[in-house]
Amino acid sequence: MAGQPLACQLQEEVTCPICMEILQDPVTIDCGHNFCLQCISQVGKTSEKIQCPLCKLSVNKNTFRPNKLLASLAEKIQSMDPADIQAEKEDSRCQRHKEKLHYFCEQDGAFLCVVCRDSKDHKSHNVTLIDEAAQNYKVQIESQAQDLGQKDKKIIEEKKQGEGAIWAFRAQVDLEKLKIHEEFKLLRQRLDEEESFLLSRLDWLEQQGAKQLRQYVTVTEKQLNSLRKLTKSLKIRLQSSSMELLKDIKDALSRGKEFQFLNPNPVPEDLEKKCSEAKARHESIIKTLTELKDDMNAEGKRDKSAFMNSLNKEEKESWSLLQKNNSVLPTSVPVTLDKSSADPDLTFSQDLKKVTLYIVAGKASNRQAKPRPFYPFHCVRGSPGLSSGRQVWEAEIRGPSGGACIVGVVTELARGAQSQTVSAQSYIWALRISPSGCQPFTNCKAQEYLQVCLKKVGVYVNHDCGEVVFYDAITSKHIYTFQTSFDGKVFPLFGLQVACSHITLSP
(Lines of atoms letter the chains of each structure in order from A and count residues from 1; the text may use other names and numbers.)
(Lines give C-alpha, C1' and ligand atoms only; values in the text may rest on other atoms or scores of the structure.)
Protein backbone atom coordinates (compact mmCIF):
# COMPACT_ATOMS: atom_id res chain seq x y z
CA MET A 1 0.00 0.00 0.00
CA ALA A 2 1.20 3.49 -0.82
CA GLY A 3 0.51 4.70 2.73
CA GLN A 4 2.52 1.97 4.51
CA PRO A 5 6.03 3.58 4.31
CA LEU A 6 4.62 6.87 5.55
CA ALA A 7 2.81 5.16 8.44
CA CYS A 8 5.99 3.48 9.58
CA GLN A 9 7.95 6.71 9.37
CA LEU A 10 5.33 8.58 11.36
CA GLN A 11 5.33 5.86 14.02
CA GLU A 12 9.09 6.24 14.38
CA GLU A 13 8.64 9.99 14.83
CA VAL A 14 6.17 9.52 17.72
CA THR A 15 8.11 6.69 19.42
CA CYS A 16 9.81 7.58 22.71
CA PRO A 17 13.57 6.84 22.50
CA ILE A 18 13.52 5.72 26.18
CA CYS A 19 10.55 3.35 26.46
CA MET A 20 10.30 2.64 22.69
CA GLU A 21 6.52 3.03 22.91
CA ILE A 22 4.16 5.60 21.43
CA LEU A 23 4.74 8.93 23.18
CA GLN A 24 2.58 9.62 26.21
CA ASP A 25 2.26 13.29 27.17
CA PRO A 26 5.12 14.19 24.78
CA VAL A 27 7.46 17.03 25.76
CA THR A 28 10.31 18.74 23.91
CA ILE A 29 13.54 19.54 25.76
CA ASP A 30 15.98 22.37 24.95
CA CYS A 31 18.03 20.31 22.49
CA GLY A 32 14.90 19.65 20.40
CA HIS A 33 14.39 15.94 21.12
CA ASN A 34 11.02 14.57 22.23
CA PHE A 35 10.21 12.10 25.07
CA CYS A 36 7.34 10.89 27.23
CA LEU A 37 7.01 13.28 30.15
CA GLN A 38 7.22 10.41 32.61
CA CYS A 39 10.24 8.81 30.91
CA ILE A 40 12.36 11.97 30.75
CA SER A 41 11.35 12.94 34.27
CA GLN A 42 12.84 9.67 35.56
CA VAL A 43 16.24 10.65 34.16
CA GLY A 44 18.45 12.33 36.81
CA LYS A 45 15.85 12.52 39.55
CA THR A 46 18.25 14.01 42.07
CA SER A 47 19.55 16.79 39.84
CA GLU A 48 18.03 19.95 38.36
CA LYS A 49 19.89 19.25 35.11
CA ILE A 50 19.85 16.13 32.99
CA GLN A 51 21.69 14.83 29.94
CA CYS A 52 19.64 14.19 26.82
CA PRO A 53 19.65 10.39 26.32
CA LEU A 54 20.19 10.94 22.58
CA CYS A 55 22.64 13.83 22.13
CA LYS A 56 24.03 14.02 25.71
CA LEU A 57 23.38 17.77 25.83
CA SER A 58 22.86 19.13 29.36
CA VAL A 59 19.41 20.72 29.77
CA ASN A 60 17.31 22.11 32.66
CA LYS A 61 14.41 20.04 33.90
CA ASN A 62 12.15 23.06 34.28
CA THR A 63 12.35 23.84 30.54
CA PHE A 64 10.31 20.86 29.33
CA ARG A 65 7.68 22.06 26.82
CA PRO A 66 4.52 20.07 26.05
CA ASN A 67 4.32 19.18 22.32
CA LYS A 68 0.65 19.24 21.39
CA LEU A 69 1.36 18.53 17.71
CA LEU A 70 3.15 15.27 18.55
CA ALA A 71 0.42 14.36 21.02
CA SER A 72 -2.20 14.76 18.28
CA LEU A 73 -0.08 12.82 15.81
CA ALA A 74 0.48 10.01 18.36
CA GLU A 75 -3.27 9.68 18.83
CA LYS A 76 -3.78 9.36 15.07
CA ILE A 77 -1.04 6.73 14.78
CA GLN A 78 -2.57 4.71 17.59
CA SER A 79 -5.92 4.78 15.78
CA MET A 80 -4.41 3.23 12.62
CA ASP A 81 -4.67 -0.47 11.76
CA PRO A 82 -1.62 -2.18 13.35
CA ALA A 83 -1.53 -4.61 10.39
CA ASP A 84 -0.65 -1.77 8.00
CA ILE A 85 2.20 -0.59 10.20
CA GLN A 86 3.45 -4.12 10.77
CA ALA A 87 3.42 -4.80 7.01
CA GLU A 88 5.71 -1.81 6.49
CA LYS A 89 8.02 -3.06 9.21
CA GLU A 90 8.15 -6.41 7.47
CA ASP A 91 9.01 -4.66 4.17
CA SER A 92 12.11 -3.20 5.84
CA ARG A 93 13.26 -6.68 6.89
CA CYS A 94 14.74 -9.51 4.88
CA GLN A 95 11.95 -11.79 3.69
CA ARG A 96 14.27 -14.80 3.94
CA HIS A 97 16.08 -14.25 7.24
CA LYS A 98 13.71 -11.77 8.94
CA GLU A 99 16.72 -9.59 9.74
CA LYS A 100 16.78 -5.80 9.28
CA LEU A 101 18.00 -4.69 5.85
CA HIS A 102 21.24 -2.71 6.11
CA TYR A 103 23.05 -3.22 2.79
CA PHE A 104 22.61 -2.71 -0.94
CA CYS A 105 24.10 -5.01 -3.61
CA GLU A 106 25.31 -3.08 -6.68
CA GLN A 107 25.33 -6.11 -8.98
CA ASP A 108 21.83 -7.35 -8.17
CA GLY A 109 20.28 -4.04 -7.12
CA ALA A 110 18.91 -5.81 -4.02
CA PHE A 111 18.64 -4.89 -0.34
CA LEU A 112 20.53 -7.30 1.97
CA CYS A 113 20.60 -8.22 5.63
CA VAL A 114 23.81 -9.28 7.42
CA VAL A 115 23.20 -12.95 6.63
CA CYS A 116 22.55 -12.22 2.94
CA ARG A 117 25.70 -10.13 2.72
CA ASP A 118 27.88 -13.00 4.01
CA SER A 119 26.19 -15.63 1.88
CA LYS A 120 27.88 -17.12 -1.18
CA ASP A 121 25.34 -15.38 -3.43
CA HIS A 122 26.65 -11.91 -2.57
CA LYS A 123 30.05 -12.48 -0.93
CA SER A 124 31.94 -11.51 -4.09
CA HIS A 125 29.63 -8.62 -4.94
CA ASN A 126 30.11 -4.92 -4.29
CA VAL A 127 27.99 -4.38 -1.16
CA THR A 128 27.62 -1.05 0.68
CA LEU A 129 25.43 0.35 3.40
CA ILE A 130 22.05 1.49 2.14
CA ASP A 131 22.62 5.13 3.11
CA GLU A 132 26.07 5.15 1.47
CA ALA A 133 24.69 3.60 -1.70
CA ALA A 134 21.85 6.12 -1.71
CA GLN A 135 24.34 8.95 -1.30
CA ASN A 136 26.46 7.65 -4.20
CA TYR A 137 23.43 7.36 -6.44
CA LYS A 138 22.20 10.74 -5.28
CA VAL A 139 25.41 12.26 -6.67
CA GLN A 140 24.85 10.40 -9.96
CA ILE A 141 21.22 11.47 -10.07
CA GLU A 142 22.14 15.10 -9.43
CA SER A 143 24.81 14.95 -12.14
CA GLN A 144 22.41 13.35 -14.60
CA ALA A 145 19.66 15.81 -13.69
CA GLN A 146 22.12 18.64 -14.34
CA ASP A 147 23.05 17.13 -17.71
CA LEU A 148 19.38 16.74 -18.57
CA GLY A 149 18.82 20.35 -17.53
CA GLN A 150 21.51 21.45 -19.98
CA LYS A 151 19.93 19.30 -22.68
CA ASP A 152 16.58 20.87 -21.82
CA LYS A 153 18.02 24.36 -22.34
CA LYS A 154 19.65 23.25 -25.59
CA ILE A 155 16.41 21.72 -26.84
CA ILE A 156 14.50 24.89 -25.94
CA GLU A 157 17.03 26.97 -27.89
CA GLU A 158 16.98 24.57 -30.84
CA LYS A 159 13.17 24.55 -30.68
CA LYS A 160 13.20 28.34 -30.77
CA GLN A 161 15.57 28.33 -33.73
CA GLY A 162 13.58 25.60 -35.44
CA GLU A 163 10.31 27.46 -35.02
CA GLY A 164 12.00 30.58 -36.32
CA ALA A 165 13.27 28.68 -39.36
CA ILE A 166 9.75 27.41 -40.03
CA TRP A 167 8.32 30.93 -39.71
CA ALA A 168 11.02 32.15 -42.10
CA PHE A 169 10.08 29.34 -44.50
CA ARG A 170 6.40 30.30 -44.28
CA ALA A 171 7.39 33.90 -44.90
CA GLN A 172 9.22 32.82 -48.05
CA VAL A 173 6.15 30.88 -49.19
CA ASP A 174 3.85 33.85 -48.55
CA LEU A 175 6.27 36.19 -50.29
CA GLU A 176 6.44 33.89 -53.32
CA LYS A 177 2.64 33.75 -53.39
CA LEU A 178 2.54 37.53 -53.25
CA LYS A 179 5.04 37.79 -56.11
CA ILE A 180 3.03 35.33 -58.22
CA HIS A 181 -0.19 37.23 -57.54
CA GLU A 182 1.47 40.51 -58.48
CA GLU A 183 3.24 39.18 -61.59
CA PHE A 184 0.12 37.48 -62.93
CA LYS A 185 -1.93 40.53 -62.02
CA LEU A 186 0.49 42.70 -64.01
CA LEU A 187 0.47 40.16 -66.85
CA ARG A 188 -3.33 40.13 -66.96
CA GLN A 189 -3.33 43.93 -66.73
CA ARG A 190 -0.84 44.17 -69.59
CA LEU A 191 -2.85 41.72 -71.69
CA ASP A 192 -6.03 43.66 -70.92
CA GLU A 193 -4.31 46.91 -71.89
CA GLU A 194 -2.97 45.35 -75.10
CA GLU A 195 -6.38 43.88 -75.94
CA SER A 196 -8.03 47.22 -75.24
CA PHE A 197 -5.54 49.05 -77.46
CA LEU A 198 -5.84 46.57 -80.33
CA LEU A 199 -9.63 46.62 -80.24
CA SER A 200 -9.74 50.40 -79.85
CA ARG A 201 -7.43 50.80 -82.83
CA LEU A 202 -9.66 48.51 -84.91
CA ASP A 203 -12.74 50.42 -83.73
CA TRP A 204 -11.06 53.63 -84.85
CA LEU A 205 -10.14 52.09 -88.22
CA GLU A 206 -13.73 50.92 -88.55
CA GLN A 207 -14.91 54.49 -87.91
CA GLN A 208 -12.43 55.79 -90.45
CA GLY A 209 -13.71 53.21 -92.95
CA ALA A 210 -17.28 54.37 -92.40
CA LYS A 211 -16.19 57.99 -92.79
CA GLN A 212 -14.26 57.11 -95.95
CA LEU A 213 -17.33 55.36 -97.33
CA ARG A 214 -19.47 58.43 -96.80
CA GLN A 215 -16.88 60.65 -98.46
CA TYR A 216 -16.45 58.23 -101.38
CA VAL A 217 -20.20 57.96 -101.95
CA THR A 218 -20.56 61.75 -101.77
CA VAL A 219 -17.81 62.35 -104.34
CA THR A 220 -18.99 59.67 -106.77
CA GLU A 221 -22.65 60.71 -106.49
CA LYS A 222 -21.66 64.31 -107.21
CA GLN A 223 -19.81 63.27 -110.35
CA LEU A 224 -22.72 61.06 -111.45
CA ASN A 225 -25.09 63.99 -111.07
CA SER A 226 -22.83 66.17 -113.19
CA LEU A 227 -22.59 63.44 -115.84
CA ARG A 228 -26.35 62.94 -115.89
CA LYS A 229 -27.00 66.68 -116.24
CA LEU A 230 -24.61 66.80 -119.21
CA THR A 231 -26.28 63.76 -120.81
CA LYS A 232 -29.73 65.27 -120.29
CA SER A 233 -28.69 68.57 -121.87
CA LEU A 234 -27.45 66.72 -124.98
CA LYS A 235 -30.70 64.74 -125.26
CA ILE A 236 -32.74 67.94 -125.02
CA ARG A 237 -30.61 69.48 -127.78
CA LEU A 238 -31.59 66.50 -129.99
CA GLN A 239 -35.26 67.43 -129.64
CA SER A 240 -34.75 71.08 -130.51
CA SER A 241 -34.77 72.82 -133.93
CA SER A 242 -31.77 72.79 -136.21
CA MET A 243 -30.74 76.27 -135.24
CA GLU A 244 -31.09 75.48 -131.53
CA LEU A 245 -29.17 72.22 -132.00
CA LEU A 246 -26.24 73.97 -133.70
CA LYS A 247 -26.08 76.83 -131.23
CA ASP A 248 -22.85 76.44 -129.16
CA ILE A 249 -22.64 72.87 -130.46
CA LYS A 250 -18.86 72.77 -130.21
CA ASP A 251 -18.92 73.81 -126.56
CA ALA A 252 -21.59 71.24 -125.80
CA LEU A 253 -19.66 68.44 -127.50
CA SER A 254 -16.42 69.59 -125.93
CA ARG A 255 -17.93 69.35 -122.46
CA GLY A 256 -19.04 65.79 -123.19
CA LYS A 257 -15.63 64.76 -124.49
CA GLU A 258 -13.73 66.42 -121.66
CA PHE A 259 -15.80 64.85 -118.87
CA GLN A 260 -13.59 62.45 -116.82
CA PHE A 261 -14.67 60.36 -113.89
CA LEU A 262 -12.39 61.36 -110.99
CA ASN A 263 -12.24 57.93 -109.38
CA PRO A 264 -11.11 58.59 -105.75
CA ASN A 265 -9.14 55.96 -103.83
CA PRO A 266 -11.73 54.07 -101.76
CA VAL A 267 -9.25 53.19 -99.00
CA PRO A 268 -6.32 55.59 -98.58
CA GLU A 269 -2.84 54.09 -98.30
CA ASP A 270 -2.48 55.55 -94.81
CA LEU A 271 -5.51 53.59 -93.58
CA GLU A 272 -4.30 50.45 -95.37
CA LYS A 273 -0.94 50.84 -93.60
CA LYS A 274 -2.56 51.30 -90.21
CA CYS A 275 -4.71 48.21 -90.74
CA SER A 276 -1.66 46.18 -91.77
CA GLU A 277 0.19 47.36 -88.67
CA ALA A 278 -2.73 46.28 -86.48
CA LYS A 279 -2.79 42.84 -88.11
CA ALA A 280 0.98 42.50 -87.75
CA ARG A 281 0.86 43.44 -84.07
CA HIS A 282 -1.97 40.99 -83.48
CA GLU A 283 -0.09 38.21 -85.26
CA SER A 284 3.04 39.00 -83.25
CA ILE A 285 1.13 38.78 -79.99
CA ILE A 286 -0.57 35.57 -81.04
CA LYS A 287 2.81 34.08 -81.93
CA THR A 288 4.29 35.15 -78.59
CA LEU A 289 1.31 33.84 -76.63
CA THR A 290 1.34 30.58 -78.58
CA GLU A 291 5.02 30.08 -77.80
CA LEU A 292 4.35 30.98 -74.18
CA LYS A 293 1.42 28.56 -73.98
CA ASP A 294 3.45 25.78 -75.58
CA ASP A 295 6.36 26.46 -73.24
CA MET A 296 4.12 26.69 -70.19
CA ASN A 297 2.29 23.55 -71.23
CA ALA A 298 5.50 21.53 -71.62
CA GLU A 299 7.29 23.00 -68.60
CA GLY A 300 4.10 22.91 -66.55
CA LYS A 301 3.55 19.22 -67.22
CA ARG A 302 7.13 18.40 -66.25
CA ASP A 303 6.93 20.55 -63.13
CA LYS A 304 3.58 19.09 -62.03
CA SER A 305 4.78 15.55 -62.71
CA ALA A 306 7.98 16.09 -60.70
CA PHE A 307 6.01 17.69 -57.87
CA MET A 308 3.43 14.90 -57.67
CA ASN A 309 6.13 12.21 -57.80
CA SER A 310 7.88 13.87 -54.86
CA LEU A 311 4.79 13.55 -52.63
CA ASN A 312 4.18 10.61 -50.34
CA LYS A 313 0.72 9.11 -49.81
CA GLU A 314 -0.26 11.42 -46.95
CA GLU A 315 0.99 14.51 -48.80
CA LYS A 316 -0.96 13.50 -51.91
CA GLU A 317 -4.13 13.19 -49.83
CA SER A 318 -3.67 16.69 -48.39
CA TRP A 319 -2.97 18.00 -51.91
CA SER A 320 -6.12 16.33 -53.26
CA LEU A 321 -8.17 17.77 -50.40
CA LEU A 322 -6.81 21.24 -51.11
CA GLN A 323 -7.67 20.90 -54.80
CA LYS A 324 -11.10 19.48 -53.99
CA ASN A 325 -11.98 22.33 -51.66
CA ASN A 326 -10.31 24.81 -54.00
CA SER A 327 -9.20 26.58 -50.82
CA VAL A 328 -6.34 28.87 -51.68
CA LEU A 329 -4.90 30.35 -48.51
CA PRO A 330 -5.19 34.14 -48.29
CA THR A 331 -2.08 36.05 -49.17
CA SER A 332 -0.85 39.46 -48.13
CA VAL A 333 -0.83 42.58 -50.28
CA PRO A 334 2.20 44.61 -51.37
CA VAL A 335 3.46 47.19 -48.91
CA THR A 336 3.93 50.84 -49.88
CA LEU A 337 5.15 53.82 -47.88
CA ASP A 338 2.65 56.16 -46.21
CA LYS A 339 3.91 59.71 -46.89
CA SER A 340 1.35 61.21 -44.50
CA SER A 341 3.12 59.55 -41.56
CA ALA A 342 6.65 60.46 -42.68
CA ASP A 343 9.40 62.48 -41.05
CA PRO A 344 9.90 65.74 -43.03
CA ASP A 345 13.50 64.82 -43.91
CA LEU A 346 12.40 61.77 -45.89
CA THR A 347 11.84 61.75 -49.65
CA PHE A 348 10.00 59.11 -51.65
CA SER A 349 10.02 57.52 -55.08
CA GLN A 350 6.97 57.96 -57.27
CA ASP A 351 5.80 54.38 -56.68
CA LEU A 352 6.23 54.83 -52.87
CA LYS A 353 8.57 51.84 -52.74
CA LYS A 354 11.77 53.71 -51.87
CA VAL A 355 12.52 56.16 -49.05
CA THR A 356 15.70 58.24 -48.74
CA LEU A 357 16.95 60.41 -45.89
CA TYR A 358 18.06 63.91 -46.92
CA ILE A 359 18.91 66.16 -43.98
CA VAL A 360 18.65 69.81 -45.08
CA ALA A 361 20.01 72.47 -42.74
CA GLY A 362 17.16 74.87 -43.49
CA LYS A 363 14.64 72.39 -42.09
CA ALA A 364 16.19 72.27 -38.64
CA SER A 365 13.52 74.41 -37.03
CA ASN A 366 10.79 72.21 -38.51
CA ARG A 367 12.45 69.09 -37.12
CA GLN A 368 12.61 70.64 -33.69
CA ALA A 369 8.97 71.67 -33.84
CA LYS A 370 7.74 68.23 -34.88
CA PRO A 371 8.28 65.44 -32.30
CA ARG A 372 10.42 62.48 -33.32
CA PRO A 373 8.88 59.51 -31.45
CA PHE A 374 11.54 57.08 -32.70
CA TYR A 375 14.59 59.32 -32.26
CA PRO A 376 17.33 59.14 -33.55
CA PHE A 377 15.62 57.50 -36.53
CA HIS A 378 13.62 59.35 -39.18
CA CYS A 379 10.60 57.09 -39.63
CA VAL A 380 7.68 56.38 -41.92
CA ARG A 381 4.91 53.85 -41.65
CA GLY A 382 3.98 51.35 -44.32
CA SER A 383 0.57 50.70 -45.78
CA PRO A 384 -1.76 48.86 -45.57
CA GLY A 385 -2.08 48.05 -41.89
CA LEU A 386 -2.90 44.59 -40.63
CA SER A 387 -5.72 43.76 -38.20
CA SER A 388 -5.84 40.01 -38.91
CA GLY A 389 -4.15 37.43 -41.09
CA ARG A 390 -0.60 37.60 -42.43
CA GLN A 391 1.66 40.08 -44.16
CA VAL A 392 5.18 39.79 -45.56
CA TRP A 393 7.61 42.20 -47.19
CA GLU A 394 11.32 42.64 -47.78
CA ALA A 395 13.42 45.78 -47.35
CA GLU A 396 16.76 46.39 -49.06
CA ILE A 397 19.09 48.70 -47.13
CA ARG A 398 21.66 50.91 -48.84
CA GLY A 399 23.71 53.92 -47.83
CA PRO A 400 27.06 55.22 -46.60
CA SER A 401 28.91 52.48 -44.68
CA GLY A 402 25.92 50.21 -45.07
CA GLY A 403 23.50 52.69 -43.46
CA ALA A 404 21.72 52.38 -40.14
CA CYS A 405 17.99 51.83 -39.85
CA ILE A 406 15.10 50.15 -38.08
CA VAL A 407 12.67 47.79 -39.78
CA GLY A 408 9.68 46.23 -38.08
CA VAL A 409 6.07 46.88 -37.12
CA VAL A 410 4.27 49.44 -34.98
CA THR A 411 0.73 49.49 -33.59
CA GLU A 412 -1.76 52.27 -34.24
CA LEU A 413 -1.56 53.12 -30.51
CA ALA A 414 1.88 54.67 -31.11
CA ARG A 415 0.22 57.69 -32.77
CA GLY A 416 -1.00 59.26 -29.54
CA ALA A 417 1.48 57.68 -27.17
CA GLN A 418 4.17 60.36 -27.45
CA SER A 419 1.96 63.02 -25.91
CA GLN A 420 1.10 60.80 -22.97
CA THR A 421 3.17 59.10 -20.28
CA VAL A 422 3.84 56.07 -22.48
CA SER A 423 6.53 56.30 -25.15
CA ALA A 424 5.67 55.49 -28.75
CA GLN A 425 8.59 53.07 -28.68
CA SER A 426 6.51 50.89 -26.35
CA TYR A 427 4.45 49.83 -29.35
CA ILE A 428 7.10 48.64 -31.80
CA TRP A 429 8.72 45.30 -32.60
CA ALA A 430 11.71 45.93 -34.80
CA LEU A 431 15.34 45.28 -35.66
CA ARG A 432 17.94 48.00 -35.24
CA ILE A 433 20.24 47.33 -38.15
CA SER A 434 23.80 48.65 -38.40
CA PRO A 435 26.75 47.69 -40.62
CA SER A 436 28.17 45.45 -37.88
CA GLY A 437 25.00 43.60 -36.88
CA CYS A 438 21.45 43.99 -35.65
CA GLN A 439 19.56 44.18 -32.37
CA PRO A 440 15.93 43.20 -31.69
CA PHE A 441 14.05 46.04 -30.03
CA THR A 442 10.64 46.24 -28.34
CA ASN A 443 8.90 47.90 -25.41
CA CYS A 444 11.76 50.42 -25.08
CA LYS A 445 14.16 47.53 -24.41
CA ALA A 446 16.92 46.21 -26.63
CA GLN A 447 17.50 42.45 -26.77
CA GLU A 448 20.77 40.61 -27.34
CA TYR A 449 23.06 41.93 -30.08
CA LEU A 450 23.20 39.64 -33.12
CA GLN A 451 26.32 39.40 -35.26
CA VAL A 452 24.33 39.34 -38.50
CA CYS A 453 25.15 41.77 -41.31
CA LEU A 454 22.01 42.49 -43.29
CA LYS A 455 21.68 44.04 -46.73
CA LYS A 456 18.13 42.88 -47.26
CA VAL A 457 15.77 41.91 -44.44
CA GLY A 458 12.45 40.08 -44.66
CA VAL A 459 9.60 40.67 -42.21
CA TYR A 460 6.72 38.24 -41.72
CA VAL A 461 3.80 39.22 -39.47
CA ASN A 462 1.08 36.84 -38.31
CA HIS A 463 -1.43 39.02 -36.48
CA ASP A 464 -3.57 36.11 -35.28
CA CYS A 465 -0.61 34.26 -33.71
CA GLY A 466 1.19 37.39 -32.47
CA GLU A 467 4.36 36.57 -34.41
CA VAL A 468 6.87 38.99 -35.94
CA VAL A 469 9.57 37.05 -37.79
CA PHE A 470 12.74 38.55 -39.26
CA TYR A 471 14.89 36.70 -41.78
CA ASP A 472 17.81 37.40 -44.10
CA ALA A 473 16.10 37.93 -47.46
CA ILE A 474 19.28 36.96 -49.34
CA THR A 475 20.10 33.70 -47.53
CA SER A 476 16.54 32.99 -46.22
CA LYS A 477 18.04 32.30 -42.77
CA HIS A 478 15.96 33.06 -39.69
CA ILE A 479 17.22 35.98 -37.57
CA TYR A 480 14.76 36.61 -34.74
CA THR A 481 11.13 36.09 -33.74
CA PHE A 482 9.00 38.24 -31.45
CA GLN A 483 6.13 36.41 -29.74
CA THR A 484 3.53 38.86 -28.49
CA SER A 485 -0.11 39.86 -28.80
CA PHE A 486 -1.29 42.85 -30.80
CA ASP A 487 -3.77 45.37 -29.47
CA GLY A 488 -5.39 46.62 -32.66
CA LYS A 489 -3.98 47.18 -36.12
CA VAL A 490 -0.24 47.04 -36.80
CA PHE A 491 1.69 48.77 -39.58
CA PRO A 492 5.09 48.24 -41.20
CA LEU A 493 7.68 50.67 -39.81
CA PHE A 494 10.86 51.94 -41.47
CA GLY A 495 13.43 54.35 -40.06
CA LEU A 496 16.71 55.82 -41.34
CA GLN A 497 19.52 57.47 -39.38
CA VAL A 498 22.38 58.09 -41.81
CA ALA A 499 22.02 60.86 -44.41
CA CYS A 500 21.67 59.68 -48.03
CA SER A 501 20.81 56.14 -46.92
CA HIS A 502 17.67 54.57 -48.33
CA ILE A 503 15.32 51.60 -48.01
CA THR A 504 13.66 49.93 -51.00
CA LEU A 505 10.63 47.68 -50.53
CA SER A 506 9.71 44.57 -52.46
CA PRO A 507 7.57 43.26 -53.88
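Using N, Cα and C of the backbone, Cβ positions are placed for all residues, glycine too.
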Given Swiss-Prot lists C94, H97, H122 for Zn(2+), the same-site residue among C55, C116 = C116
Key: Swiss-Prot annotation of coiled coil - which of the ranges 269-298, 299-328 it falls on   = 269-298
Ask   = From 89-130, 215-256, which range did Swiss-Prot mark with zinc finger?
value = 89-130
Ask   = In Swiss-Prot, which of 16-56, 385-425, 467-507 is tagged zinc finger?
value = 16-56
Query = When a 10 Å sphere is centred on the Cβ of C94 (Zn(2+) binding site), how many other Cβ atoms does it contain?
reply = 17
Key: Neighbour-count leader, CB within 10 A, binding-site residues: H97, H122   = H122
Ask   = Once the chains shown are all counted, how many other Cβ atoms turn up within 10 Å of the Cβ of C116 (Zn(2+) binding site)?
value = 22
Ask   = Helix, strand or coil at H122 (Zn(2+) binding site), per DSSP?
value = coil
Ask   = Tally of helix, strand and coil residues over the zinc finger (16-56) according to DSSP?
value = 5 helix, 10 strand, 26 coil
